[in-house]
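Copied over from TrEMBL, here are the features:
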BINDING   G140, T141, H142, G143, K144, T145, T146  ATP binding site
DOMAIN    35-131  domain 'Mur ligase N-terminal catalytic'
DOMAIN    138-320  domain 'Mur ligase central'
DOMAIN    343-473  domain 'Mur ligase C-terminal'
Amino acid sequence: MSATHDTPIPGKSTRPGGPVDAHAVAGLLAGTPRRIHLIGLAGTGISALAMILRELGHEVSGSDQRAAPVLERLTELGVTAHVGHDPAHVVDADLVICSTAIKADHPERQAAVDAGLPVLSRAEALAGLTRLRPTIAVSGTHGKTTSTAMLALAMRSAGANVSWLVGSTVPALGSPAHWGDGDWFVVEADESDDTHLALARTAVLLTNAEGEHLDFHGTLGRVIDGYVEFLTGNPADAATSPTVRVAGLDDHGAALVAKAVGGVVTFGTTPGTDWWLEVLTEAVTGTTSMLTSPSGDRIALRLAVPGDHNARNAAGVVALVGELGFDPHLAAAGVASFTGTGRRFEHRGSVGGVSFIDDYAHHPTEVAATLAAASGWDGGRVVAVFQPHLYSRTQRLAEHFGAALAAADVVVVTDVFAAREEPIEGVDGTLISEATRRHGGVHVADAPNRSDLGAVVRALVRSGDLVLTMGAGDVTTLADELGAVRPGAGS
């Protein structure tokens, strides 16, 4: 699927099917300051892009249909943020950038087209940025956000002056995005719409590869083919061909990709990996591991975030930094400063003796990893509150979700967060709750209406419990709805 483009930008695209020359976009973004308007401003990807465009000196405006805290932050940075969409917002713009959620008939986008303005997708804009300096791109079905944040910290600790763009808030970095005057750009490369293939990339990190976003890709085979291209590049565009390639060997899909490509540096707990990981201790507060380099050097990894999946993320990051010629011990020190990202095992406070942790987990593998990380909870029960995301994903993976959720002491499943999809007859949250019972879940409850979820959870929990909210939708607000006091917020 090609990226969206309405008014030609000089040059011919080097990306298959794509009509925009990324080098021309790079010239637009790095040249004379322009008035750039972004549609879908509150989204994580677009808001981070807005921060970088401001640091590049552009006059930035944007709009979103909803108010959000990130709009206040962007306003502080000098972005003109509008709540609500109006064609008048694009009147003075030189360039318009749209999030992937923006349809062709969106009023602001249509106004830009009618005015003859160049209209780019986020992927096209990001592809232009990656042509401005050597880029390290991180992709994979799971762990992209965490690994990208860890990588920025690791590179900085190792002495590199880095810029970055991460798909979430990162307390240890201070901002999800930054454009400095250094030599490296660390970027999260989203595979959901083939953005990862549009980016110029000097080095790449592949965390894992599973059959996700099949509404776009169609088959697992196409997902794997995309990751193969991510590691090899497009022969028609040398800028997309990385010279350093690192991939996880513990994951079957990533191992297939590495084997198909050849010459890939591997990491993981699997014997025979180039960078071999031993997870020594695990707790809710973090892990300790030992990473052995190809030369036999042993690097201690001490993480302040739980789960062996995070230990693997850290191993991949340190391996990549080491392969780039930096000191892996300094990289490990940077990773140790990582305290998490927004919506990734994020502590959301407590109320009445009940603790809340929120996670973006919306795939069975992510749900299983999140519950495994919570298994060391030394209080009461682990109460998993899950909001399915997308009808198609729920229909396809209900049994796998049930198998993962059955590990919790108590499970509450609410209805599907539709996002961009129309309902599918017979598909709702009960498909997952029923599957959870089949896989041994004993205490499983349904909250068919999201508006009733708070009351259902309140009636089930007791002092000492850990409530783990999971999903890519609005389940993230449950802790606040129940009056949880966030860490450091007082009582």
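In case you wondered, yes, glycine gets a Cβ from its N, Cα and C as well.
Here the binding-site residues are H142, K144, and the one ringed by the most other CB atoms within 10 angstroms is K144. In this structure, T146 (ATP binding site) is part of a helix by DSSP. In the three-state DSSP scheme, G140 (ATP binding site) falls into the coil class. Here the Cβ of T141 (ATP binding site) has 23 other Cβ atoms within 10 Å, regardless of which shown protein chain they belong to.
Long-range Cβ proximity for T146 (ATP binding site), meaning a same-chain Cβ under 8 A and a gap of 6 or more residues, is found for V305, N310, N313, F338, G340, T341, R344. For the binding-site residues given as G140, G143, T145, the lowest number of other CB atoms within 10 Å of the residue's CB is seen at T145. Note: the ATP site is recorded as G140, T141, H142, G143, K144, T145, T146; in the same chain, V138, S147, T207, N208, N313 also have Cβ atoms within 8 Å of that site's Cβ centroid.
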